[in-house]
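K.L.:
From TrEMBL, for reference:
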DOMAIN    B:105-340  domain 'ABC transmembrane type-1'
REGION    B:25-44  region 'Disordered'
TRANSMEM  B:48-71  transmembrane segment
TRANSMEM  B:99-124  transmembrane segment
TRANSMEM  B:145-165  transmembrane segment
TRANSMEM  B:199-218  transmembrane segment
TRANSMEM  B:239-259  transmembrane segment
TRANSMEM  B:279-296  transmembrane segment
TRANSMEM  B:317-340  transmembrane segment
Amino acid sequence: MSLTTLEQLEPDEATSEAEARTAVPVKDGIEVGPRLRLRSARLDDRYALLGAVAGALAIAILLFGWIAPLSGFVGFVVVAFLCFIGIYALLVSTTSDGREVIDRVMTVVLASAGVILGTALIFVVAYALVRGFPALLHLNFFFQDMEFAGPLDGLDVGGVAHAIVGTLIQIGIALAISIPLGIVTALFLNEVGGRFARFVRTVVDAMTALPSIVAGLFIYSAVILVFTHQRSGFAAALAITVMMLPIIVRASDVVLRLVAGSLREASYALGASKWRTVWQVVLPTARSGLVTAVILGTARGIGETSPVLLTSGVTSVMNTNPFEGPMISLPLQVFDFVRSPEPNIIARGFGAAAVLLLLVLALFAIARVIGGRGPGDLSPRQQRAARAASERDVERMDAAAARRLAASAEPLEEPQ
Amino acid sequence: MSIGAVVSDDRSAGEVTTTVILAEEGPSAQPPQEPRSLTPRPSRSDSIFRSVAFAAGGATVAIMLAVGLFLSLRAGSALQVTGFGFLVEQQWSPETGEFGIAAVLFGTITIAVIAMCVSVPLALGTSMLISEVLTGKLKQWSITVVDLMAAVPSVVFGLWGVFFLQENIIPVSRWISTYFGWIPFFAVTDQTGEPLTDASAFTSSAFIAGVVVALMVVPTQTSIMREAFMQAPAGEREAAYALGATRWGMITAVVLPFGRGGIIGGTMLGLGRALGETIAVYMIISPIFSINWQVLKTGSNSVSALIALRYGEASEFALSALMAAGLVLFLVTLVINFTAASVVARSRSGAESEV
């Protein structure tokens, strides 16, 4: 605005600067060879690995099949793995010194820890999905409740629609309470501060240690036994809120702390008030991180069984009123189904677990798409929007400057 | 001559006016004024924001303190009856006044310790693998998978434990008890001390529950440790390589000391979750109310499983006893969490490894 007129008064002084002292290195005439692959394995390493695998399998089969009275699949794996480590160390030691042997062996140990963990975790998830698959094939599983389905009925009758609706209502109420409260509390911790904020932070940290069943027990004895005298979806939502609130506060607190201080200072330097800074600088910058924090908290809250176990009650019919009567949710429905000895009911349990898993997976995928980038790190579309906005700003400022120049030019000419 | 400039920003008119006030020169007869306060008077939107934020913080604290106070008050009536005996009594029958959490607390801690024995080596190895060995796409992919696994509901792990692990781990349990039975923990004996080999003696044990809980907490631990390891400064890594260290040498010299806070913090956080885990434990164990040192043998218990088991038919007083049990569990996890937080805060690394 007024700065644009000021710049025109200043003469260009930069041209009188002496020529640059730094010399740019000349790349002409230097031959650039092919890029070296520093981390690739040597050929004899690969042969050593393959040889160790083959030798270990052979020894284990020999031990288990003919020589020793060992049996069992797990024992076989353990023996084969120990043999593999030994043989591999021996093979590497023929070409390398002790330190390198330790390095190679430890790399293999780390890799096997990763493989064991990854296999086990993926197996756990796949087990629920695969055993739940037969139930998912029936469309009625998603659109019916269990009101008319007896324990001996096949999978083509009844479903978990009531549990899906219950889960959505409960998590919806819990989010309606915990998102505003949680994010404003995190803002309080970060932007307002002071002694009370430190106290709040300590209490919130302490409450992340609250076992979820104790949160359920609290709602059961403080709300259900004293006020409502019946289990309801609202009580379950309150229990989930008590459990989720500290998680959301802490996660948003971390995200808000990542907002660069220079952005805030720039806003204050332009004369913005604290509220303006929070609303127009801090929150937009941290938006994707906050969304991620909330979604991950939601994923935790959706899967939580124990607070719901004490507060929501078990039912087999659809109930859309959170304040009246029991309202079951998906994890509790899984828990309730698999206590039955009937194979069809157990299959429904696995189906409900698969639905729950898919729900969590979907939430996680959404969180990845929205989040996964740091504060202030814009997507191409956001960058285009920001560029367009700043172009509009420049136009507006130029127009204002031109108007002012035209207005001030006329009175200047009169004295002459 | 002093110049005081007042810039009034009048946005509603769309026009910016600049007014310059030239201060009067001359000796001022007025006495020296009080120094002007440097803190500005907050604008109205600011004071509203402050009070709303303050109220939200207050509400959060009020909810949290209400939980704590309510638990302590209600637990008080049960604790007054038993006093210190609450911590050493094994039976749980509040109706007769004989109840205590020695057995359930022992079971809780056993399960958590077994879980840590399984999960910490796996988490350490995997986090080092991800941060130091893997590169490129595979690294990103495994970070995502581990983070995703941390969000898998505990009831899914419970299902797996009940329907798959329960049957398939029995040979392992039997193998351990046969060959390592001379260690008291791993023996499985009946009352007379005779070793049992029957499959039914190995089901629903603390060991199985511990393995399931271990898988449940290991993603959280892995992701905390990985973050701590990945923050080890590149300069020190390169210095170690430049001195001729192998990769494992670099890890022991730079990454592990740097990430110690992350390792301890992650372990403690996992321990806290393992202590509080309800559903998976409840589905797997067969509850008993006596201290069972033989971790491979049927029967164990945990505080949260006790609450889930007994809350329904509980009278007013029995509920208060359950509250007392929950309070003790809460205090234990609280101590663990704060210890972890202080360890992480004091070490050089892991400042950003909060969950």
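Positions of Cβ are set from backbone N, Cα and C atoms, glycine also.
Heads up, TrEMBL stuff is auto-annotated, nobody curated it.
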K.L.:
Need a quick answer: max count of Cβ pairs under 8 Å to the transmembrane segment (B:279-296), which of B:145-165, B:199-218, B:239-259, B:317-340 is it?
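P.N.:
Between the candidates B:145-165, B:199-218, B:239-259, B:317-340, the best contact partner of the transmembrane segment (B:279-296) is B:199-218.
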K.L.:
How about the transmembrane segment (B:99-124) and the transmembrane segment (B:239-259): at least 3 CB pairs under 8 Å, pairs 6 or more apart in sequence, or not?
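P.N.:
These two segments do not touch.
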K.L.:
Against the transmembrane segment (B:317-340), which of these stretches has the most C-beta pairs under 8 Å: B:48-71, B:145-165, B:199-218?
P.N.:
B:48-71
K.L.:
Counting only residues 6 or more past its boundaries, what in the same chain has a CB within less than 8 Å of a CB in the transmembrane segment (B:199-218)?
P.N.:
107, 110-119, 122-123, 126, 154, 157-158, 160-161, 165-166, 169-170, 173-174, 177, 188, 270-271, 273-274, 277, 280-281, 284-286, 292, 295-300, 302
